[in-house]
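Per TrEMBL, the features are as follows:
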- K182: active site, proton acceptor (ACT_SITE)
- E189: active site, proton donor (ACT_SITE)
- G9, L10, A11, V12, M13, G14, N32, R33, S34, V74, K75, A76, N102: NADP(+) binding site (BINDING)
- N102, S128, G129, G130, H185, N186, Y190, K260, R287, R444, H450: substrate binding site (BINDING)
- 178-466: domain '6-phosphogluconate dehydrogenase C-terminal' (DOMAIN)
Amino acid sequence: MSAHIGVTGLAVMGANLARNLARNGFTVALHNRSVGKTDTLLEKHGHEGDFVRTESLEELVNSLEKPRRVLIMVKAGKPVDSVIEQLEPLLEAGDIIIDAGNSHYEDTRRREAALAKKDLHFVGVGVSGGEEGALNGPSIMPGGSKESYEALGPLLEKISAKVDGEPCCAWVGTDGAGHFVKMVHNGIEYADMQVIGEAFDLLRSGAGIEPAEQSKIFTEWNKGELSSFLIEISAEVLGHVDAKTGKPFVDVVVDAAGQKGTGRWTVISALELGSPVSGIAESVFARALSSQADQRKLGQELLAGEEAAVEIPETFVEDVRQALYASKLVSYAQGLDMLTSAAKEYNWDLKLDEIASLWRAGCIIRAELLKDITKAYAADEKPANLLFAPAFTKAIADALPAWRRVVATAVQLGIPVPVFSSSLAYYDGLRRKRVAAALIQGQRDLFGAHTYGRVDAEGTFHTLWGEDKSEIEAVDTH
Ligand code: 6PG
């Protein structure tokens, strides 16, 4: 019997994807560097579908129907290159290697180009939803050639999450586009998690609301416009009591947030693209600052900051909810805008409505909101920024007074809200007629003759600062 697809790398994500494929009727050939993992999977879950046990990559490749589909689920970086190197001589023109891990999109672009020269397809696939999603239906963001999607798409669509029967899986664009979109998903994920964290801190440290009570508030919030997986699990975490101490679980967890790197990659790439993902960047930096344990210890001793009592507005909880919603919208707006910049840079035809629709279910940032975002980008007239879509322009205008109150109160209380406040600054930066950049242009021209434009004339100008301060037309040197 020929298998429809092979999976190599059977740690939990690989194993769960393999099981998902088998449960959906595909015959799955299994391979792992140490055969023990393959056997464990077969012992525990062999009854879930048709599996083919293999002990070597050669055996795996030989067990597959053509064009062969081999899905790699190993640690991003060198291990991916190493598996590709071993697979390549075993494959034939038209075969497809699929990397479903969190690889960096530049690696995917490099691998795709190298394998295309050998007539092999290399497909970087973004998969979101954690272990549970991999097993029961993740959100899937495949890149690679359109041609390869014809052979691969039906399998991936079948195992993906569904919204009203529609799969949360679609080809997003060539070469590294799938991994790029997944990376930006993770950037938004970081920002989303941080704004929820800021809301928690404000309600706790500002309004003195205990975690158990907050769990109920979050559960309520989850019924409205904030409805999302991350709000839902936050309610669960906040309601959890530590068995050992009887304290709220969040009080016994060290407040230093880890990161594997995908959020950081988003920001590095955004800096290169010149894309202002300030909220996403702040969320990465907030994790970094939280993890500077030694400096934080010293900071507690050395730095002033306890402020006089601040009156908490009666509307505080609702204000925080609205600020959270507005900041969350900005995170999505920034992430989607970054996709627009990347599409130009990398020549990808990224369809924002389709991408938003892939995120409606299965993935970590799944949210009710994504249904409206999908609609906004499916409209004939695409908004240049998510915040310009009429429904969102209004939603954010409605939330604005509460958002400003929350940020002002947080500042007075000395509670850091980097994503609430930077998102508001982004909003105001987009909205205001004049911003501080005019003075910066003047400074740049004075110390470096970098030139400037005038509001009342075409062209590029320079002031002779060291001479008589007269203005000349200049060649733009940035
Ligand atoms: C997902 C997640 C998943 C993982 C990331 C983030 O979409 O399923 O984003 O990929 O949680 O690796 O992890 P860090 O917070 O450790 O960077």
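In case you wondered, yes, glycine gets a Cβ from its N, Cα and C as well.
Since the structure is predicted, the reported quantities are computational estimates derived from the model, not experimental observations.
Overlay of TrEMBL annotations on the structure.
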residue: A11; record: NADP(+) binding site; Cβ neighbours (10 Å): 13
residue: M13; record: NADP(+) binding site; Cβ neighbours (10 Å): 22
residue: N32; record: NADP(+) binding site; Cβ neighbours (10 Å): 23
residue: S34; record: NADP(+) binding site; Cβ neighbours (10 Å): 8
residue: N102; record: NADP(+) binding site; Cβ neighbours (10 Å): 20
residue: G129; record: substrate binding site; Cβ neighbours (10 Å): 24
residue: K182; record: active site, proton acceptor; Cβ neighbours (10 Å): 29
residue: H185; record: substrate binding site; Cβ neighbours (10 Å): 23
residue: E189; record: active site, proton donor; Cβ neighbours (10 Å): 24
residue: R287; record: substrate binding site; Cβ neighbours (10 Å): 19
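Take N102, S128, G129, G130, H185, N186, Y190, K260, R287, R444, H450, the residues named in the record as contacts for substrate: the widest Cα to Cα gap among them comes to 48 Å. Taking a Cβ distance under 6 Å to any atom of ligand 1 as the criterion, the recorded positions N102, K182, E189 reduce to N102, E189. Cα of S34 (NADP(+) binding site) to Cα of G129 (substrate binding site): a distance of 26 Å. When each of the binding-site residues K75, H450 is scored by how many other Cβ atoms sit within 10 Å of its Cβ, K75 comes out lowest. Comparing CA positions across the recorded positions G129, K182, H185, Y190, H450, the one lying closest to M13 (NADP(+) binding site) turns out to be G129. When other Cβ atoms within 10 Å of the Cβ of G9 (NADP(+) binding site) are tallied across all protein chains shown, the result is 25. Residues G9, L10, A11, V12, M13, G14, N32, R33, S34, V74, K75, A76, N102 are the ones the record ties to NADP(+), and the longest Cα gap between any two of them is 22 Å. Of the recorded residues, H185 (substrate binding site) and K75 (NADP(+) binding site) place their C-alpha atoms 19 Å from one another. Sequence-distant neighbours of Y190 (substrate binding site) (same chain, 6+ residues apart, CB-CB distance under 8 A): Q259, G263, T266, I280, S283, V284, R287.
K182 (active site, proton acceptor) is 8 Å away from N102 (NADP(+) binding site) when you measure Cα to Cα.
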